[in-house]
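If you check Swiss-Prot, you get these features:
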type	residues	note
BINDING	14-17, LYS73, 204-206, 270-277, 341-344	ATP binding site
REGION	3-388	region 'Nucleotide-binding domain (NBD)'
REGION	396-511	region 'Substrate-binding domain (SBD)'
Amino acid sequence: MATAKGIAIGIDLGTTYSCVGVFQHGKVEIIANDQGNRTTPSYVAFTDTERLIGDAAKNQVAMNPQNTVFDAKRLIGRKFNDPVVQADMKLWPFQVINEGGKPKVLVSYKGENKAFYPEEISSMVLTKLKETAEAFLGHPVTNAVITVPAYFNDSQRQATKDAGVIAGLNVLRIINEPTAAAIAYGLDKGGQGERHVLIFDLGGGTFDVSILTIDDGIFEVKATAGDTHLGGEDFDNRLVSHFVEEFKRKHKKDISQNKRAVRRLRTACERAKRTLSSSTQANLEIDSLYEGIDFYTSITRARFEELCADLFRGTLEPVEKALRDAKMDKAKIHDIVLVGGSTRIPKVQRLLQDYFNGRDLNKSINPDEAVAYGAAVQAAILMGDKSEKVQDLLLLDVAPLSLGLETAGGVMTALIKRNSTIPTKQTQIFTTYSDNQPGVLIQVYEGERAMTKDNNLLGRFDLTGIPPAPRGVPQIEVTFDIDANGILNVTATDKSTGKVNKITITNDKGRLSKEEIERMVLDAEKYKAEDEVQREKIAAKNALESYAFNMKSVVSDEGLKGKISESDKNKILDKCNELLSWLEVNQLAEKDEFDHKRKELEQMCNPIITKLYQGGCTGPACGTGYVPGRPATGPTIEEVD
């Protein structure tokens, strides 16, 4: 399988679900995974025997909540003591530990405790999407565009890029999710003069509002706003709390401390929420939810809307903020685009429609797929796709937060203003604060507050060796250079000596070191190899089991009466039963053991079966094309535990 040159994929790495697409033959294909689903849960599970990713991981979550990791996007690029991390930890069934100020997820895998960085968990989801694309395209894929919320800061973008590297991807670019949705939308709407588009993206875990202008194939992001912690999961949480209370009232029992019960309830709540987008009532039926009690109940759409009323109403605040930032009246918006599965909720649509005085909402793009669609187009552009559809597309992104440095008195002096189009480069001259000052400390911040103490420190460095001079005389030129991925380089130069020092905002922000990333790449390969070994082991076990059952049915066949001696028949049956009993207690044996046992059985059965067939036969087992020594041909049926 040679890599096809010039093919790149677009990946929407979501908090709860992810999606992958590819642009080929003039159109975007959203690629279904091995379960036939066009979105894949961003879940990774660890068990005593294997690692599961995607649907398989989500499907077993009720049985194994402590070792099933999701929401890695809420941890990625954050510090352990970040209030967001601390608040989320209370809701997660898995354990998050502090290692050198960074969060790691602690799970039990193959009987041992293992800790993973969020980047590693995300890389496993990315690997699954990469394999999904490779299975569809029929060749390896390395180039990808990955999307992030517009609100992600520098360290979250870097960490997402690192996750791509660990998964063996060459990340061409990190782009904002709303920008990707706009590309998808822009392709659907060709040249109609300048249009102002509001993108309302309410997904499983994040909420983004963006205002763009699209003019003649050029996209410009005018403003972004949102809430990094609002989405479908929060609506699920409201339903869960509601039903926990209902269970208390009905059965006088509190299930909130039982992780498995809560997880099963959450799964049912997510299903009910989806049902309520198309029906006015949903039923929940959970057998033996807690202490043997069956929980059968229902909820109406009106009650659901009441439970989430403040959250739904709250979605309009970022809309107003984005309009203010873009200095735009709501009447100036031409199109309102819905992105993210949660925008299917009728109440959310109604609130938005009412806010825009009854305007039609644009729902022509599948809200779950729009972001991956746009990322796939952007990937094609970056790979130099020359087709007319993508040729005229130019992408202008923005910096989500102002970037600047601390000046005398702890004041934030912004060089790159929030919502500036990126890539961009800004230079400013600074000077010393006191006489004969030998050096300056350059401290780089992101944020909108007037004082640096209220903003987020990205990194710092010293510029030393400034010749003695009165205050205000030395000239220090500071340049902020932000690239298309939103990654920042800051350079300071003393004009008199030409001395230079610089920083790329990476490690000081808790980014993984190069060594750590390399180690994780190796780990990822190791886990992949282990998964392969596990698959081979199961195949060997199934081969042994089906051979034993096959032999039992062959020798017990009524049509063979008299063709096989009773002692031979019993010999085979006893051996088969002995092996099947051995299998019962040795489910976790190694592949070699299964193979060895099968060979042992074959060696015993083959002479008897050969003798039987040489003796000529007329029974139903004849003429089936059975070749001694080889398992019977025919479809391979994978067994599901």
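Cβ atoms here come from the backbone N, Cα and C positions, even for glycine.
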Here the binding-site residues are SER277, THR343; the one whose Cβ sees the most other Cβ atoms within 10 Å is THR343
Neighbour count check, CB within 10 A, over binding-site residues GLY14, GLY205; minimum at GLY205
Taking DSSP H, G, I as helix and E, B as strand, the region 'Substrate-binding domain (SBD)' (396-511) contains 6 helix, 58 strand, 52 coil
The number of other Cβ atoms within 10 Å of the Cβ of ARG271 (ATP binding site), counted over all protein chains shown, is 14
Cβ-Cβ distance under 8 Å, sequence separation of 6 or more, same chain as ARG274 (ATP binding site); the residues meeting this, in order, are ARG344
